[in-house]
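To start, the structure under review is shown below, and the notes come after it.
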Amino acid sequence: MGIEQKAGDMGIVTASLEQLVNWSRSSAMWPLLFGLACCAIEMMGAQGANYDLSRFGMEINRASPRQADLMIVAGRVSRKMAPVVRRLYDQMADPKWVIAMGDCAACGGVFNNYAIVQGVDEIVPVDVYVAGCPPRPEALIDGIIHLHEKVKRMRLDGELREPVRLS
């Protein structure tokens, strides 16, 4: 009989250190917003009173990558902007996660030319893709929930990054 059964309904919570750390990481993500096109407008809408991202622990958007652990890339990335995205990603502290918001961030969208990166995953590893042109705030929130679930499944020594595709 384990401690969980012995404690019963005494108000004692048992958890591993790994579960506690992952709960903290998923409950207090600090986003660095990288809005490059029309998806940024929907990203701003997700932070309004109707959707309230603060209930997911994202009250404050970080202006410095050194204070952020989540980068949300919203919109198309040009070849000239690619080194900036990479530099900001490299300046973020580990562990760090990336959400590619919108079709342009995921695959270049309708801009199939030499000046546009065909997916931000060519520059940085992406954890969650949020589809849409532009995706609604509900889709971004769904992507954030998927990322929280992924973070809660991580080991303390890390895991292989597998992107989650949303329909």
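Backbone N, Cα and C define each Cβ position, glycine as well.
Fair warning: this is a prediction, and the values are worked out from it, not measured in the lab.
Swiss-Prot names Cys38, Cys39, Cys133 as [4Fe-4S] cluster ligands; from the candidate set Cys104, Cys107, the record adds Cys104 to that same site. According to DSSP, Cys133 ([4Fe-4S] cluster binding site) sits in a coil region rather than a helix or strand. Taking the Cβ of Cys133 ([4Fe-4S] cluster binding site) as centre and 10 Å as the limit, one finds 13 other Cβ atoms among all the protein chains shown.
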